[in-house]
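What follows is a set of notes on a single structure, which appears directly below.
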Amino acid sequence: MEACFLRWLLFVALTSWALGDDGQVTFESELSSKPAQKLSKYGWYASVRLQRFHIPEQTAVARWLFSVKKGHSFNCGQHNVSIHLRWGAPPVINPTETVFPNATLWGPSLSLILAVTSQSSTTFNLSDPAPGDWFVAAHLPEDDGRIEQKGFPSCSYYFQPQLSVRRAADTPVLQPGTVLTQTAAPDRPARLKLFVPEFTSCLSVSVAGCSSGEALESAGCSLLLRLGSASLQHSQTELNCSGVSCTASLSNPPWDSWLRVVVESSQVNQTVTFRIGSNFTVGCKPKSVGLTAYDDITKLLGKSSVSNATATGNVSAPAPPPPLASPCVWSVPVLYEELDVLSLRYTPVNSSNVSVTETHPTLLTYPLPPQATGGTLNLQLTLNSTNATLGNNSIVACFSAWAPVLQLNHSEPCRTGLFMGYAVGINVSVPKAMVRLPFPQSTTWYLTLQLLCNSSDCGNASVVSVVPEVSVSACVDDCGPYGECRLLRSYTYLYSACVCSAGWKGWGCTDGSTAQSYARQLTATMLLTLSNLFFLPAIVVATRRSYITEAFVYLFTMFFSTFYHACDQPGAAVLCIMDYDALQYCDFLGSICSIWVTILCMARLGDTAKYTLFLLGALLIAMSMQLDRKGLWNLLGPILCAILLMVTSWVYRCVRRRHCYPPSWRRWVFFLLPGALCALIGVCLYVFAETESNYYYTHSLWHILVAGCVVFLLPPKEKDRKALGWSRGFSWSWRWSWRPRVWVQLEEFKTPDEI
């Protein structure tokens, strides 16, 4: 019912848009929806619910509808949902305001705050959006550190985004050198598109012959000319035309892509007719880019890692020729290698050293595939140590997307016509520079290098050697020593993020403002491991009372709980004797089996029934641990079943004897009630009081209380059991006798009572 209402709402919106369609183009509407997902409090990037939408070419308007609904009816408090929107790659967010790693830069994203009552929704409209993938990320406020046990009812919020678009299906193409006649009204702008080829240095779009009504060449025409698309990372180029003609110029437009042209009119109740044309300027077009047809295979085989491993003999590839020079730019071919998931490497084919001069910029091209946008793009420039003649001069670089910047000097910024680039500089005093870009956009990236001299003459530094290293890695610096890089998935899209430990936080686990000292890490490890030694009294008591099976279960629990917590600790104080998953499984299994055998032992069942239930319960608990290790009913199920059996056995004894069981009041006051109180306090601590900050205190206390309640609750030794637990009536004799021995049962067997 709710989904039908949302679709109806979007249908009404699309219908209202259709009323404003102009007659020059045909508009089509599309609707896409994602399933509702449960939101989480923000702890790290895996807490974010990431959705990907695709906006087609020539979309006029995109409207997102974000809906959030509470999953339970009881009072959960007031929470705000944060929604982030970015084009081309997932949004880089920082809700906890942590410090980013050095040299880490990122593109901006749009953030929305949605206050949730029982059900809330909001819309976001974007005119002329950039085509391609758009990513929506949503999360709840920062995690308060409370450890919630799985299975208990909790506040849940479900987030569902929907997108509706209206796109122009037959947008006119503006060819260079041709003129088109178009009309624009206040509610019907003229929409066109033009293709920008490679090596275009300047683009100009001219509007002329503006007229409105019957007055030709009227000077009162008011038009707004816009170039480009809206993508939150950049703004469109706009020009107000108040006369009969105007020209909008765009330097360094995006190469090899379609550019949107929109002309709007502010004339009230008037349709404006105008002529529009475009022209391109190619300021620098090299004669050849990359390798020639005769040496490409040789170059690739010479640089390939596979060929290096399988080459026979000592035959080496011939030395590569110097890069091909052109009147305006040196273009260096680049080898692209896929190493692993979210792991790419780009290396210059000719040599790792790249020549840089003052007269010509050096250009390297790095195509970034869509599957690499979930990683981190790394750029490192290193000055060759042999460049002793550089002096006080420097090398400037511009790392830009969609189009290169081919003029680098003190006055020209590192930016293209629609996008901002990343400027890098190195010299003798700073021979190395680095730029890290988390979640880069999928396009062609360009690196422009040029020697910049402080004076008119560079002296002996006419050619300088630089080593550019460009790669894509899963995480920033592999998350450092206090983090782990995790690969995440949203449907078919893969991306990565760092999960930090020992109090470190941040995008690359480099923010140590709340980091734990080594002494605190060691204290936490010692508390969680040594607190398991409180099972030793339980083992001794069980052995002295001839409960050998139970004693071995307690020993198993103590051993694996000790080494599981020694392996589970973050930071440096860690000891793992086997696989972490195996230690965790054995710890959980031993803990529940200890509770199971203790309560069954209190039920005072016969040996056959007791040991059968021991084995059956252990098998069922092992199965449930494999299905859902942290499920609530894995703990409550065995406890409730064992208590039910114990109560049934005690009620049967009470009815049979017509007396309360256990019969001794001392047993109730000094053993059963303190043991039950310890168990109750331990369960309350385990379920309700544990947080990330007090975990090693509360969980250590949980170990002590559980071990203590076993000492209190374990029943006394049965009267018919010997020291090692063998039942009375079992005899083993080595004496030879020809006389038959006759056993006489003097009294009827009775179930032993507690002392």
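Cβ coordinates come from backbone N, Cα and C, glycine included.
According to TrEMBL, the features are:
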type	residues	note
SIGNAL	1-20	signal peptide
DOMAIN	498-509	domain 'EGF-like'
TRANSMEM	522-540	transmembrane segment
TRANSMEM	547-566	transmembrane segment
TRANSMEM	582-602	transmembrane segment
TRANSMEM	609-627	transmembrane segment
TRANSMEM	633-655	transmembrane segment
TRANSMEM	667-689	transmembrane segment
TRANSMEM	695-714	transmembrane segment
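In this chain, the transmembrane segment (582-602) lies in contact with the transmembrane segment (633-655); the count of Cβ pairs under 8 Å, excluding pairs fewer than 6 apart in sequence, is at least 3.
Looking at which of 582-602, 609-627, 667-689, 695-714 has the most CB pairs under 8 Å to the transmembrane segment (522-540), the answer is the stretch 695-714. With a cut-off of 8 Å between Cβ atoms, the residues of this chain six or more beyond the transmembrane segment (667-689) that come close are 149, 152, 698-699, 701-702, 705-706, 708-713, 754.
Summarised by DSSP class, the composition of the domain 'EGF-like' (498-509) is 0 helix, 4 strand, 8 coil.
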